[in-house]
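Heads up: the structure comes next, in structure tokens.
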Amino acid sequence: MTTARPTRHRYRPPAPLGGRRRATESPLRRGATAFAFLAPALIILGAFTVWPMLSALRLSFTDASGFGEPEFVGLENYIGVFTDPDILNAVTNTALYTVLFTPLAVVSALGLALLLNNPRLPFRGFFRTALFVPFVVSFSVAAFAWSYLVDPQVGLLNYWLRGFGIQIGNVLEDPTLAMPMVVLVAVWKLFGFYFVIFLAGLQDIPPSIYEAARMDGAGAFSRLRNVTLPLLSNTMAFVLIFAMIAALQAFDQIYVMTGGGPYGSTQTLVMEIYESGFRKLDIGFASALSYVLLAATLVLSLVQFVFFGRKEKDLA
Amino acid sequence: MSTARRSLRDLKPSTVLATLAFAVVTAIVLLPIAIIVLTAFKPAAEVNAYPPSLLPDDWTLANLKTVTSELPFARLVGNSFVFAGGVTLFALVFDSLAAYALARLDFTGRKVLLVAIIATLMIPFQATLIPLYQLVADLGWVNTYTGLIAPRAADAFGIFFLRQFFLALPRDIDQAARIDGAGEFRIFRSVVLPNAVPALLTLGLFTFVNNWNDLLWPLVFTTDAEMGTITSGLTQLTGPSGIVPHGVMMAGSLIAILPLVIAFLFIQRRFIENIATTGLK
């Protein structure tokens, strides 16, 4: 692979007439055309995402509760966020959830995609389809099904595991096992999505590169490490960031399965936002908490972009 | 595909072993779905019997009858179709228009705008929920389809997804039209969009599935039970009033997932190939 090929100057055809930048078109006119295309989406995103987000920023400095006129309270809510032991617990839980979910989901999706990319495997199409099916099931339905499967009295999974001598007891009431359980449900529901994205990325790697590596005497492991994984790094960055965002925003299955319990052991940040905003009606506090979560998400995403050395041209 | 039809003696033991391993993994992955389908048809006595069994001894429609009498099911499923379908239609149109500008038009501020749009992906939905609800209430849209659909009619993920796809389309496909003097909108509609059908189908599936399955927005937004979706309606079964039999719950879940699973199985053949041709990676 390292032998230098003589560099040749490729013949470049002259730029076609009427190229993409028309000299006659002013930047202003181009801007107006672009704006016409962008307007509907920008109006929707602006009105229903950005504007509520800015309202939330304003509310985060008030004692808004849904009743009466909110009063300005300065940084009180933010100080509350950083000193409240419940929030510290939610931060720890969210971190634990993210650390468990992201590698589990990404590694299982990547592993299955690598194995199912092998054209010699019989029933490949069937396996691919079947593994994606959980993705179309809603988190709440997934939560019902899994809760029933691990029910301490009549749960089929509990019963089968007992047959192997494994006692899992009442998983959803167990402070150490409840968190792995809600993570497992998320991995089950979401890995199919990452799996198809990896499959798509794998199909983009030209077979000739593998051929060349094989001729150089590279074994299967070496091909994986030196060819497949580096060429998948863009896909990997995309999947990791989406998986991380999904983990930081974990809510649905926890809401249905444990409600944050037992003893707050599955209480995540978004559960906390939901409870302070909708149960305790402490809207100012919920908004401050949202901003802290948003800041953390932005920072972690940036770290990943830098870590994976994603080229600027891929982003913008 | 043709390799799957090779005669059995060509198969290496390692291939057989790998196939068996995949069969086991797939069976485990599909177990929760099997439990939904099979429990939905179990009589109550069997649902709560010990030891539990996978298959019903006596198949019954009692659970399905109960769940359809507890909830206005036809109405909720209809609402889900209107909500998820409406969002999908609008989002495909608005997202593809925006993605076209971001991928194929040259204008000042393009990069900044793109980064800003991607950044909105990181906003947790729960964070905007209260101001969003107030906004929609001020517009007088509570308990209307407009209010349910409008906030979702464009989304950052879709714009990003289609932009990646439009970037990958060769530049010269629109040259002929451009030389003929076609405007940007005609190029978008009659050159770029017809080439983007796989990406639009894939994004359409994602959007439809995500909105059909969304719990929080319809739950918070619809105070009128008649305006809920099947996904939000199901959680009312578990409500504070307490215990709903597992069999009834699973019958409701079956109704909720059936349309999506059927739709997916219909398009699955093209689905992964479609993803492979889109810029999602």
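Yeah, the Cβs are placed from backbone N, Cα and C, and that goes for glycine too.
Heads up, TrEMBL stuff is auto-annotated, nobody curated it.
Under the heading compositional bias 'Basic residues', TrEMBL lists A:1-12.
Look at TrEMBL and you will find A:91-304 tagged as domain 'ABC transmembrane type-1'.
Positions annotated as region 'Disordered' by TrEMBL: A:1-26.
Feature annotation from TrEMBL assigns transmembrane segment to A:31-51 (among others).
Under the heading transmembrane segment, TrEMBL lists A:95-117 (among others). A Cβ distance under 8 Å defines the sequence-distant neighbours of the transmembrane segment (A:95-117), meaning residues of its chain 6+ beyond its ends; these are 124, 127-128, 131, 179-180, 182-183, 186-187, 190-199, 202-203, 224, 228, 232, 236, 239-240, 243-244, 246-248, 250, 268.
Annotation comment: TrEMBL describes A:129-149 (among others) as transmembrane segment.
Taking Cβ pairs closer than 8 Å, the transmembrane segment (A:177-200) reaches residues 93, 96-97, 100-101, 104-106, 108-110, 112-114, 116-117, 128, 131-135, 137, 139, 142-143, 146, 150, 168-169, 171, 232, 235, 238-239, 242-243, 246-247, 250, 253-254, 257-258, 261-262, 265-266 in its own chain, all 6 or more past its ends. Residues annotated as transmembrane segment in TrEMBL: A:177-200 (among others).
Beyond the transmembrane segment (A:231-251), the same-chain residues lying 6 or more positions past its ends with a Cβ under 8 Å from any Cβ of the stretch are 94, 97-98, 101-102, 105-106, 109-110, 182, 186, 190, 194, 197-198, 200-202, 204-205, 209, 268-271, 274, 293, 296-297, 300-301, 304-305, 308-310, 314. Under the heading transmembrane segment, TrEMBL lists A:231-251 (among others).
What TrEMBL records for A:288-308 (among others) is transmembrane segment.
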Cβ contacts under 8 Å made by the transmembrane segment (A:288-308) with residues that lie 6+ beyond its boundaries: 56-57, 60-61, 77-78, 80-81, 87, 233-234, 236-237, 240-241, 244-245, 248, 269-270, 272-273, 276, 315
